[in-house]
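Here's the structure we're looking at; comments come further down.
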There are 2 protein chains.
Amino acid sequence: MARKAAIIGGGVIGGGWAARFLLNGWDVAVFDPDPEAPRKVGEVLANARAALPALSDGPMPAEGRLVFAGTITEAVEGAEYIQESVSERLDLKHRVFAQIQQVANTTPIGSSTSGFKPSELQQNAANPAVIFVAHPFNPVYLLPLAEVVPSPASDPGLIERVKETLREIGMFPLHVRKEIDAHIADRFLEAVWREALWLVKDGVATTEEIDEAIRMGFGLRWGQMGLFETYRVAGGEAGMKHFMAQFGPCLQWPWTKLTDVPEFTDELVDLIAGQSDAQSGAYTIRELERIRDQNLIGFLRVLKERNWGAGKVLLDHDARRRAAAFAPVVGEGPMVTARMTVLPGWIDYNGHMTESRYLFAASETSDAFLRHIGADIAYVGTGFSYYTAETHIMHAGEAKLGDALTGTVQVLAADEKRLHIFIRILRDGAPVATLEQMLLHVDMGKGKTCAAPQAILDRLLPIAQAHATLPRPEAAGRHVGQRTT
Amino acid sequence: MARKAAIIGGGVIGGGWAARFLLNGWDVAVFDPDPEAPRKVGEVLANARAALPALSDGPMPAEGRLVFAGTITEAVEGAEYIQESVSERLDLKHRVFAQIQQVANTTPIGSSTSGFKPSELQQNAANPAVIFVAHPFNPVYLLPLAEVVPSPASDPGLIERVKETLREIGMFPLHVRKEIDAHIADRFLEAVWREALWLVKDGVATTEEIDEAIRMGFGLRWGQMGLFETYRVAGGEAGMKHFMAQFGPCLQWPWTKLTDVPEFTDELVDLIAGQSDAQSGAYTIRELERIRDQNLIGFLRVLKERNWGAGKVLLDHDARRRAAAFAPVVGEGPMVTARMTVLPGWIDYNGHMTESRYLFAASETSDAFLRHIGADIAYVGTGFSYYTAETHIMHAGEAKLGDALTGTVQVLAADEKRLHIFIRILRDGAPVATLEQMLLHVDMGKGKTCAAPQAILDRLLPIAQAHATLPRPEAAGRHVGQRTT
């Protein structure tokens, strides 16, 4: 049975939490007295469905069931995890916790609060030990960060279990060891926000100029390394001490002396709203959300390819999902070696899978086969490899976004040097493309074909022998433009 | 003759400027009395050569000539642009400007200063009007931002010409209209740095936890939208005013009250250096530089694909380079329709072009041919398109990083519905791969082949007729595994 999470407060943040749980296979009950909540959560969920699966390289679990509960009691019943994302009013949060703990006083309750400390949240609670901060970042369904802040009254074992729950839904729980106003990230955001408001108010820069100053420069650095690692690199071989010696003192110059926030007069609000309209008004908020999500997917996939930063979180999450690891299936028919999902980056302007991605899918399929017979990356490291000499592709259908594809290999012929295979890229058991390939075993140093070693042949030749009894595919041996018989 | 830039100060920043100019075809003279300067600039240049071309989708211009000048006078002679990147000491900068202006007092002089205002730089200068701030961000060869800050004494026409020069080397000049300590971006960096030092000093977070708090969350947002646009989206349909009303006041809470920087005691320096070693010490600075550059290339290419933020700058820069636009060459032989450079993202773990990229290169080639005969994106928008039914690929060589490839199309046969073509992907005139393809003209709505319209046939059939006299490629009509005759 699916696990259940309760989401109290169904705005953009609560909706983002709901989406993360649902798309990771949890059932979710949302409570929010706002009659607009189902629409709002629905919009976030639609965005999340279009975005989160694009980060995964394995099939997604079946989506959980979403219900809107009429009461807090109904929402939290049977929930294994409760997340509170109501407005930033301490009295309101206290009332929500009290209602929850009337019926569920041992269930973990995370709060999305930006500013309150866990000890403040815990005041007067029936069971303060289970209340903590779990502060996410919008869009919650894409950004991995959740600041997890316990107080001294928190149950350390529960906090560890909560971190594990957050990892299970693909997040990066950052354990903040000392509670402090605004945790960590929002302290930076506040400091920057304050500087930015003064720059706009004093006419030094517009909202657009400030955004350019961030996203054309240090924003790109921070998305992958953060502050200290960036400065460590800037310090050069001499290291962080050198950087501090060189740049530390000059950062003491009084460039920014202000801690006041400018008063939110109508003039200032109008000035900023007007500049923001001039900057971004050409897009609706929905359009901006989609642009933002596509950009973030791109960044996150770049980092995933490099196993770096937030990309490491994605790879770890894939690995968790692959717990029931997928191994090539050796059976009666062609060997199933790959399962893939058509990702947004594979789609062309027609909405179909880009032509070259069929060959990509085939490469995933044949690479898995080669790994199976022992010609894996380690083997390539010894200076030998199978190279593709020739390929024939037949298109039989069109794969579309989100399609689940299976790749199979049938060995048509194999000897010491040659490996003649037939690949099927299947959707619902029917081919969308078939590929016939001739691979040659190559001594990469000499740039010449050579015999594969016995260890590989011992794995390959029995498969070839077994496949010899399979019906020969009609498309094998075809040349381009040949009449269909 | 190549244009010349003079770079005064050959550290990481000066070296980055030198690399940007050189790789964009300018000659560069560097002056730096440090005997280590050639090694340091050489290291930055090596990084830049491995990184900057990866952002370009056209061939790079021939690299300019780099010389190390013995004097400032020699360095600036004949230079069209001068960039100063010496240490952050105002007296030193004044001496450099004085020496420059003894021999070149009308040439623009940009300063890389992080903190000084242009009016401070201009003090006592022979010609203050040509001195301004051009503040870049490390790595200068990848990040587009240059804050251009004039003072009231600056020559507005010269500032406009300087901005154009910066665009020519692929940068984004951000014109800061009012001079202010630390310009714009470094005010934010200082505010965050100050907060971060206190968090470390007070034991709230380590350097690594702070970096994670940035790069797992808002750092990813800022790399593509910045501060205000991010908040505009967060505010939802109600817009920026709503966001300000909702979140403005709570940002006035005194989360961050500190403007002092903690004293740089040995203890604090050791604490930070030690935490940084624990966080990043597994990598050398060179390794971190390469990781950073590859991450940034990835981010920038994601944005380029989406024509967004810094990616827009890259596309504009490509378009400038393509001034002598490339049009398909219609001549005696097969039609040349595409020129490409093998990019880092096209390379597999063997260091060779990934198999599916050969088909990608062929698609680029055939798409250009289809555009030429009128089957372009606008045509696809009407509900008709050419679909590939079948492809045969022969591999004849291995393309490697940076190889310049040419794609040609030979029409083997064409009628109303069918288009049978032979594509060659050439390097130095010799094929690395050839592809035979059968394309069918399709009514996308009906999912059926249909006759192409007369307008397309009028362009296609004369080419087919002309190509009928060309020798038939040996690989045409081959099936996989066929013996070579």
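One is the number of the first residue shown, and numbering goes on along the chain from there.
Keep in mind that glycine also has a Cβ here, set from the backbone N, Cα and C atoms.
Database features (TrEMBL):
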- A:4-179: domain '3-hydroxyacyl-CoA dehydrogenase NAD binding' (DOMAIN)
- A:Gly9, A:Gly10, A:Gly11, A:Val12, A:Ile13, A:Gly14: NAD(+) binding site (BINDING)
- A:184-248: domain '3-hydroxyacyl-CoA dehydrogenase C-terminal' (DOMAIN)
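The structure, with features from TrEMBL marked on it.
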residue: A:Gly9; record: NAD(+) binding site; Cβ contacts under 8 Å, 6 or more apart: A:Phe31, A:Asp32, A:Glu84, A:Ser85, A:Val86, A:Ser87, A:Ser112
residue: A:Gly10; record: NAD(+) binding site; Cβ contacts under 8 Å, 6 or more apart: A:Ala18, A:Val30, A:Phe31, A:Asp32, A:Asp34, A:Ala37, A:Pro38, A:Lys40, A:Val41, A:Phe68, A:Ser85
residue: A:Gly11; record: NAD(+) binding site; Cβ contacts under 8 Å, 6 or more apart: A:Asp32, A:Ala37, A:Lys40, A:Ser85
residue: A:Val12; record: NAD(+) binding site; Cβ contacts under 8 Å, 6 or more apart: A:Lys40, A:Val44, A:Asn138
residue: A:Ile13; record: NAD(+) binding site; Cβ contacts under 8 Å, 6 or more apart: A:Ser85, A:Ser112, A:Pro136, A:Asn138, A:Val140
residue: A:Gly14; record: NAD(+) binding site; Cβ contacts under 8 Å, 6 or more apart: A:Ile7, A:Ile8, A:Val30, A:Asp32, A:Val41, A:Gln83, A:Ser85, A:Ser112
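When the C-beta distance to chain B is held to under 8 angstroms, none of the binding-site residues A:Gly9, A:Gly10, A:Ile13, A:Gly14 remains. Following the DSSP three-state reduction, the secondary structure of A:Ile13 (NAD(+) binding site) is helix. Taking H, G and I as helix, E and B as strand and the rest as coil, DSSP gives the domain '3-hydroxyacyl-CoA dehydrogenase C-terminal' (A:184-248) the counts 53 helix, 0 strand, 12 coil. Excluding the listed site residues A:Gly9, A:Gly10, A:Gly11, A:Val12, A:Ile13, A:Gly14, the same chain places A:Ile7, A:Gly15, A:Gly16, A:Trp17, A:Asp32, A:Lys40, A:Val41, A:Ser85, A:Val86, A:Ser112 with Cβ atoms within 8 Å of the centre of the NAD(+) site Cβ atoms.
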